[in-house]
Amino acid sequence: MSEDKMNGRSIRINRLPATIVAILLTFVLVYFLNFHQEERPAIYGMLRSENPSRVNLRKMLIAAIQAAQRGGLEVLDVARSRQLKERSKGKTDEGVNDPFTDADGRSHCVMKQGLQRIFPRVQIFSEEDKEHCKQAHGYDLDPTVLHETAQIPDVTVNAQDVTVWVDPLDATKEFTEELYEYVTTMVCVAVAGRPIIGVIHSPFNGQTAWAWVGNSMSEYLSNLHPQHSPNNQAPIITVSRSHTAGAKDLARGIFGENVSLLTAAGAGYKVLQVVANNATAYLHTSKIKKWDICAGDAILHALGGTMTTLNDQLINYGPEESPVNTEGLLATLEQHDEYMDKLSKYREAHNGKLA
């Protein structure tokens, strides 16, 4: 207790209630910080100190989903503005214009910078790495993007074993033509060269397909994939719109006269057609960049499917490897060996060529 003199009278101040209030506030703060981390995305990633040489794959999954979705918002914003500022990066091997737009650049900056800020020791490759980002971008981890699934474990790996592949806008040509159904943003996480986390986000329908091999997948992806495939289904091969010329004859030569062809754009979109059983295989006979296919490779693997080169080799996504897969690809959910056997026999009969 203490006494003060005021107007000649003695006033007694009791300090006990203030002490009790301070103690209660301290308990409330400690409880909030320790038991409500999942509800506080802005501080979630900062509350636990981690070994900087290790990477938490659960957090990386969260960040990958957020990156793809945030990149998608940039794509939508540019599309709505109709200020694409399109220019050409040159011609593809098929002689098709390879365009670049503000959507590619803005999505790249948001996606790569956001991921790099959270995981500074991880190597991240983006299709638009040459693009200069005029401002810094970042975001805090938001675990609510996993709300639709059961508990996902905390697994850590060596940061030096992790490689991230980012495609800020897949199917840019179709984006410029307003064929928005083909457009996706993608993130893939590879560990020791193998893809284990894949995210394919479709900005124009707002759906995100993601999977972590051996752990979990998004509800959307699970619902997209039918439980049972039709018995004795005739082959349906999805190929690129730019490869349509001659593709049907090639598909018939490899898989038989009853084959059907599904022409589409965007590697991410074509993988989702295989997942949904709208196609039984995705065939690509020329070179393709790894940021185009890594996320789809991980998703197919999580569902029990397979993606290989046309030489039947798994694709290595390690940091020391070339970013270009020069050996084509075959992606399936089922019957991969059977399809590969037919392809091999066709090549043998045509002096090792697929044309």
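Just so you know, glycine gets a Cβ as well, placed from its N, Cα and C.
Annotation comment: Swiss-Prot describes 16-36 as transmembrane segment.
A coil conformation is recorded for Ala171 (substrate binding site) in the three-state DSSP classification, outside any helix or strand. The substrate binding site annotation in Swiss-Prot covers Glu127, Leu169, Asp170, Ala171, Thr172, Asp292.
For Asp167 (Mg(2+) 1 binding site), other Cβ atoms within 10 Å of its Cβ number 33. The Mg(2+) 1 binding site feature in Swiss-Prot is assigned to Glu127, Asp167, Leu169; the stated evidence is similarity to another entry.
Swiss-Prot lists Asp167, Asp170, Asp292 with the feature Mg(2+) 2 binding site. Sequence-distant neighbours of Asp170 (substrate binding site): residues of the same chain at least 6 apart with a C-beta under 8 Å from its C-beta are Tyr182, Val183, Thr184, Thr185, Met186, Gly266, Ala267, Gly268, Tyr269, Asp292.
In the three-state DSSP classification, Glu127 (substrate binding site) falls within coil. Every protein chain shown contributes to the tally, and the Cβ of Asp292 (substrate binding site) ends up with 26 other Cβ atoms within 10 Å. Within 10 Å of the C-beta atom of Leu169 (substrate binding site) sit 28 other C-beta atoms, taking all shown protein chains into account. The two recorded residues, Asp167 (Mg(2+) 1 binding site) and Glu127 (substrate binding site), have Cα atoms 6 Å apart. Taking the mean position of the Cβ atoms of Glu127, Asp167, Leu169 as the Mg(2+) 1 site, the remaining residues of that chain whose Cβ falls within 8 Å of it are Asp104, Ser107, His108, Ser126, Glu128, Val166, Pro168, Asp170, Thr172, Thr185, Met186, Trp291, Asp292.
Taking the Cβ of Glu127 (substrate binding site) as reference, residues of its chain lying under 8 Å away and at least six apart in sequence are, in sequence order, Asp104, His108, Val166, Asp167, Pro168, Lys289, Trp291, Asp292.
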